[in-house]
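Structure first, then comments.
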Amino acid sequence: DGPSIQQVLTELTNQRTVPNVFVNGTHVGGCDSTYQAYQDGSLQKLLGDGKYAEPYDYDLIIIGGGSGGLACSKEAAALGKKVMVLDYVVPTPLGTSWGLGGTCVNVGCIPKKLMHQAALLGQALQDSRKYGWQYEEQVKHNWEIMVEAIQNYIGSLNWGYRVSLREKSVTYLNSYGEFIEPHKIKATNRKGQVTYHTAETFVLATGERPRYLGIPGDKEYCITSDDLFSLPYCPGKTLVVGASYVALECAGFLAGLGLDVTVMVRSILLRGFDQEMAEKVGAHMETHGVKFIRKFVPVILNLQIFIQVEQLEEGMPGRLKVTAKSTEGPEIFEEEYNTVLIAIGRDACTRNIGLDTIGVKINEKNGKVPVNDEEQTNVPYVYAIGDILDGKLELTPVAIQAGRLLARRLYGGSSTKCDYINVPTTVFTPLEYGCCGFTEERAIEEYGKQNLEVYHSLFWPLEWTVPGRDNNTCYAKIICSKRDNNRVIGFHVLGPNAGEVTQGFAAAIKCGLTKELLDETIGIHPTCAEVFTTMDITKSSGQDITQRGC
């Protein structure tokens, strides 16, 4: 009775070919469909309902123990799930590695802000004489004492994270995770010992690492931000290659500590940020001793290796010779430095964790992972959060928020998604730059210049008036949409404590802040933030924004 069975099957499945595969009563399809179901994990889920299927070791395995991964793991565990976190730091070419917690805690936000604070204290010491403080001894900075204190604090955070995972019954492995088949990973520790683990769901939270130049001498003799914050010796005369926020922040605090610092810039400062603000950041750094070499880059030309970083002398620090070519002409630049810090960007850690084995797609250009609005990849049981997301913000609080909300959606019945719009951030250069919403360039693209009103003002922090420094250097700007009741769509401030100022206004922007509401708000006097309640000069008017007096 083959023909009659075939007829029924055709009516049931609309499939005329064989094999015609069912699992536990569910139609899967033909050969290709079954193989695809195996790749995306849906076949394993179907088999999980059968009596021969083995249960998974964990409900959730998270690859990456940074801010996002830890937040997701603890939230999932609190919701009663069995969770594992794998975290492994591949040492830098110079051998630097660190503990649990990811980039932010170990080689990012935390040590960066503390070294920034060290530099600000140096400026405060200079200001203090004008305020009547008298001291005779020579004041100098000790790099080793600073690094030891910062690393001790970071070590306490590493330990705290481990204790927190243990308290929440999250299994932590200091091992490198790599997919070997759907729902299964291989974990390799520092000694090369291998274990295997399965889970129903996976979250990728592997973060990024600094990119190198790809020229002779870069990995042998140069450092990155991964090395700087635990560097056991003062870097001395330093060349910073790059104009990213990492580059300018590091250049800023190194100069603030009294070092000779030069920044080599290929094109523009702070790509992706408001360019008017970026240029003001750079101009302030130049007035405070940071040198900028514009339109130069160390490269390999015509396949002949004659642009490079050469070691002239070993030491802590040693001496390096840097050769670079102009991006606009034949000029060649040569100079000696003690340290070369590369800060040209970061690459997602996704290419060597077996994603191709299970069919997870990545953006081949940058290694980042495309996801839907619920952080789900093209493979249904694999999610991704943090800096590796394609087209999303690379910020610690964003990863934390996304991780927590993902766990709540997976296991807590929530439907709340991470909001990636109007996220505030701050660049901790010597003159801090805080922003939220659109850059002026992006706002013009999106709304049209004729539909915008830009209010702006210079200001002079009261604390700086007695020392008499940096008058009319700080700057505030808001971008308003005329078509939407002058709603504030871009907020920018350049001044001390910019992060503290921006955080408060970011909440107001989330609530639909308008220029009228700002005007109705009474400022706190004397503060820097009050400038946003008194701005009345538009860019289009061309009026002078110089501030005189209180």
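From the backbone N, Cα and C atoms, a Cβ is placed for every residue, glycine too.
Disulfide pairing as given by TrEMBL: among Cys72, Cys109, Cys104 connects to Cys109.
Closest to Lys113 (FAD binding site) in space, going by CA atoms and restricting to the recorded positions Gly242, Val246, Gly345, His525, is Val246. Mean model confidence for the domain 'Glutaredoxin' (3-28) is a pLDDT of 86. Residues Lys113, Gly177, Asp387 are recorded as binding FAD; their most distant pair of Cα atoms lies 31 Å apart. Checked against Leu248 (NAD(+) binding site) by C-alpha proximity, the recorded positions Cys104, Cys109, Gly177, Asp387, His525 yield Cys109 as the nearest. Between the recorded positions Lys113, His525, the minimum number of other C-beta atoms within 10 Å of a residue's C-beta occurs at His525. Taking the centre of the Cβ atoms of Gly242, Ala243, Ser244, Tyr245, Val246, Ala247, Leu248, Glu249, Gly345 as the NAD(+) site, the nearby residues of that chain (Cβ within 8 Å, site residues left out) are Val240, Cys250, Leu270, Ala343, Ile344. On the backbone, the CA of Val246 (NAD(+) binding site) and the CA of His525 (active site, proton acceptor) stand 33 Å apart.
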